[in-house]
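Student: First the structure, which I've put down as structure tokens, then a few questions once you've had a look.
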Amino acid sequence: MMDLFKAIGLGLVVLLPLANPLTTVALFLGLAGNMNSTERNRQSYMASVYVFAIMMVAYYAGQLVMNTFGISIPGLRIAGGLIVAFIGCRMLFPQQKAHESPEAKSKSEELADEPTANIAFVPLAMPSTAGPGTIAMIISSASTVRHGGEFPDWVITVAPPIIFLAVAVILWGCLRSSGAIMRLVGKGGIEAISRLMGFLLVCMGVQFIINGVLEIIKTYH
């Protein structure tokens, strides 16, 4: 049993800094400003479910999928970096509102009638929480743990789902508490957080790309 607790603790120590639920909360605040409480709670729950599912797939089938499609870890990092940077640019330079012409009003009403955009999978679950770094760590750790012999087989079987569930629950709790943060900072504060997070996401995306390129250089040098 101590081996199980040790494995769970080690997994959380490795994954939580990469998943960084607090960063996802700040991103959520920037994207969910126009959502009501019910919709924010639904997005929070779905994001947590998606994070759990992504981590499970990455652990049990990640290497197989990447080998099947010929995807390397550097390629995963570069692709994730491009997605993160694109999302950051959209947050940093939001689309300007159209002039209040009859055509603009008509289009605004038409857009208002559409369902609220689903932000649970992209960008909250991926790449913000279960991003390329998290997925790469899970895939590499899965290979190391299975062949390392440090833990008994039953621990290797039981611990990963518990670790991933714990990360998902922590994320859900953080996102659910974002409503109190929204009431505290107000609309202006949310816009400021959105711009700041956009800039940070662009920086993160560029860094992901740099890391991927450096890994390629090291691999083929």
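Backbone N, Cα and C define each Cβ position, glycine as well.
Swiss-Prot feature annotations, pasted as is:
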TOPO_DOM  1-7  topological domain 'Periplasmic'
TOPO_DOM  29-45  topological domain 'Cytoplasmic'
TOPO_DOM  90-118  topological domain 'Cytoplasmic'
TOPO_DOM  140-154  topological domain 'Periplasmic'
TOPO_DOM  176-196  topological domain 'Cytoplasmic'
TOPO_DOM  218-221  topological domain 'Periplasmic'
TRANSMEM  8-28  transmembrane segment
TRANSMEM  46-66  transmembrane segment
TRANSMEM  69-89  transmembrane segment
TRANSMEM  119-139  transmembrane segment
TRANSMEM  155-175  transmembrane segment
TRANSMEM  197-217  transmembrane segment
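Quick one: where do these features end up spatially?
Tutor: Residues 151-152, 155-156, 158-159, 163 of the same chain sit 6 or more residues outside the topological domain 'Periplasmic' (1-7) yet have a Cβ under 8 Å from a Cβ within it.
Secondary structure of the topological domain 'Cytoplasmic' (29-45), assigned with DSSP and counted as helix (H, G, I), strand (E, B) and coil, comes to 12 helix, 0 strand, 5 coil.
Listed by sequence, the residues of this chain that lie at least six past the ends of the topological domain 'Periplasmic' (140-154) yet keep a Cβ under 8 A from its Cβ atoms are 3, 6-7, 11, 14, 58-60, 62-63, 73, 160.
Beyond the ends of the topological domain 'Cytoplasmic' (176-196), by six or more residues, the same chain brings 25-26, 28-33, 37, 40-41, 44, 91-92, 94 to within a C-beta distance below 8 angstroms of the stretch.
Beyond the ends of the topological domain 'Periplasmic' (218-221), by six or more residues, the same chain brings 74 to within a C-beta distance below 8 angstroms of the stretch.
Packing against the transmembrane segment (69-89) from elsewhere in the chain are residues 122-123, 127-128, 131-133, 135-136, 139-140, 197-213, 215-216, 219: each is 6 or more residues past its ends and has a CB under 8 Å from a CB in it.
Within the chain, the transmembrane segment (155-175) has long-range Cβ neighbours (under 8 A, six or more residues past its boundaries) at 3-4, 7-8, 11-12, 15-16, 19, 21-22, 24-25, 28, 40, 43-45, 47-49, 51-52, 55-56, 59, 124, 129, 142, 145-146.
When Cβ-Cβ distances below 8 Å are used as the criterion, the transmembrane segment (197-217) is approached by residues 23, 26-27, 29-30, 73-78, 80-93, 131-133 of the same chain, each at least six residues removed from its ends.
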Student: Short question: which residues 6 or more past the ends of the transmembrane segment (8-28) have a Cβ under 8 Å from it?
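Tutor: Long-range Cβ neighbours of the transmembrane segment (8-28): 40, 43-44, 47, 51, 55, 119, 123-124, 128-131, 133-134, 137-138, 141, 159-160, 162-163, 166-167, 170-171, 174-175, 177-178, 181, 193, 196-197, 200-201.
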